[in-house]
Amino acid sequence: MAFAETYPAASSLPNGDCGRPRARPGGNRVTVVLGAQWGDEGKGKVVDLLAQDADIVCRCQGGNNAGHTVVVDSVEYDFHLLPSGIINPNVTAFIGNGVVIHLPGLFEEAEKNVQKGKGLEGWEKRLIISDRAHIVFDFHQAADGIQEQQRQEQAGKNLGTTKKGIGPVYSSKAARSGLRMCDLVSDFDGFSERFKVLANQYKSIYPTLEIDIEGELQKLKGYMEKIKPMVRDGVYFLYEALHGPPKKILVEGANAALLDIDFGTYPFVTSSNCTVGGVCTGLGMPPQNVGEVYGVVKAYTTRVGIGAFPTEQDNEIGELLQTRGREFGVTTGRKRRCGWLDLVLLKYAHMINGFTALALTKLDILDMFTEIKVGVAYKLDGEIIPHIPANQEVLNKVEVQYKTLPGWNTDISNARAFKELPVNAQNYVRFIEDELQIPVKWIGVGKSRESMIQLF
């Protein structure tokens, strides 16, 4: 599978062609991997597969609230901020302008993974960070915790954030008071002044917040020295990558469609666009250069924290999925809520993202079930509704219409080809394809790199 089709770069056109309108711009196409549910679908595994022959792997949104796990040579690496494709020594990793960066978190993550195995050796020389990416400060994280506490006290429930400062830093960005990587590396005196103003704003909003401004600035100066060689103009970097020699460029989405700030189950969402539009805005590239868009789907559904979950099984079935699937959040360690596959939500995610193919992961977790249910429609007041209610109170009231399929009651973890799967497992996959009208390209039947069955 080729990542990138190549068209002649504008600079290579003869002068006589300058005035002629061109139907499509030239350049390489990026391959995008996106979560199609509420996260934790196994995106890291798909990225790891595709990154083996990639040249550049990018992150375009989110921060270290995301959690991707990749297993290579029996070593389990955990990624939160770094693109997980960085474990390929030939890959250049790029963190785009749409990502928010907590510098202590970045270095801590890199050091932890360096100690685990050889995958991250020389990572500093292979990482490029957009100069337009915003910085998450410790007080953003502290404010995140205070906000959650206030929500709990005032409304009796919180949003279930990871307390990584993601909401507050995107709020600073939208309020135009945030600070970016370019500010840190270009003019530390100017950066310091703006940092003091922002810190004092936060102290006035949250009186209990303690900020050691001088101490923080001292730490940030140390990080500035380390990070400076990695910071570049991201727009120019990516333009050169798209319009230079053929390159395989991969974009690794964080979070997932139903956590998108606009299209997710608001307000129980993240603070960035984790759908395909976030690729263009978070990297600074035109939509014409988006190639394949792969949606990653778990064979059942999980969700961390609170919020609507129509197919949730708060019973023995949910418990069995939770224990068999070892469903704990990579970032928070929280137990994930579990339920049947929801095709209504997947159709909605496809409407927004236009998936060209799917990766269906964790099919082996369903091995124990004699019958498997799949959500195929929503009813409200006894009537089938053709859409997903945007309002959470209404979404909580929908009744799911299920299709029941026979299980396979067989261990499929050693299957390495589609034809090696039991007929009922094959039928489950084909049913999903037929309902969604999207081909399934990969099927995951275990944790290792080898346990991804490729269909075409």
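In case you wondered, yes, glycine gets a Cβ from its N, Cα and C as well.
According to Swiss-Prot, the region 'Disordered' annotation covers 1-24. Positions annotated as GTP binding site by Swiss-Prot: 39-45, 67-69, Arg336, 362-364, 444-447. According to Swiss-Prot, the feature active site, proton acceptor maps to Asp40. Residues or ranges marked as substrate binding site by Swiss-Prot on the basis of sequence analysis: Asp40, Val330, Thr331, Thr332, Gly333, Arg334, Lys335, Arg336. The Mg(2+) binding site annotation in Swiss-Prot covers Asp40, Gly67 and is backed by sequence analysis. Positions annotated as IMP binding site by Swiss-Prot, on the basis of sequence analysis: Asp40, Glu41, Gly42, Lys43, Asn65, Ala66, Gly67, His68, Thr162, Arg176, Asn255, Thr270, Arg334. Feature annotation from Swiss-Prot assigns active site, proton donor to His68.
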For the residue listed as 'active site, proton acceptor': intrachain residues, at least 6 apart, with Cβ closer than 8 Å: Gly67, Lys298, Thr302, Val304, Glu327, Gly329, Val330, Arg336
Surrounding CB atoms that lie within 10 Å of the CB of Val330 (substrate binding site), all protein chains: 16
Cα separation, Asn255 (IMP binding site) to Leu363 (GTP binding site) (Å, whole number): 21
Spatial neighbour of Thr332 (substrate binding site) that is closest, considering only the recorded positions Asn65, His68, Thr69, Asn255 and their CA atoms: Asn65
Asn65, Thr162, Gly333, Arg334 filtered to the binding-site residues whose C-alpha is within 10 Å of Lys45 (GTP binding site): none
Leu363 (GTP binding site) - helix vs strand vs coil (DSSP): helix
Lys335 (substrate binding site) and Asn65 (IMP binding site), distance between Cα atoms, whole Å: 16
Lys335 (substrate binding site) as reference: those recorded positions from Gly39, Gly42, His68, Thr69, Asn255 with C-alpha within 10 Å of it: none
Neighbourhood of Arg334 (substrate binding site) by C-beta distance under 8 A, where only residues 6 or more apart in the same chain count: Gly160, Val304, Gly305, Phe328
Other CB atoms, at most 10 A from the CB of Asn255 (IMP binding site): 30
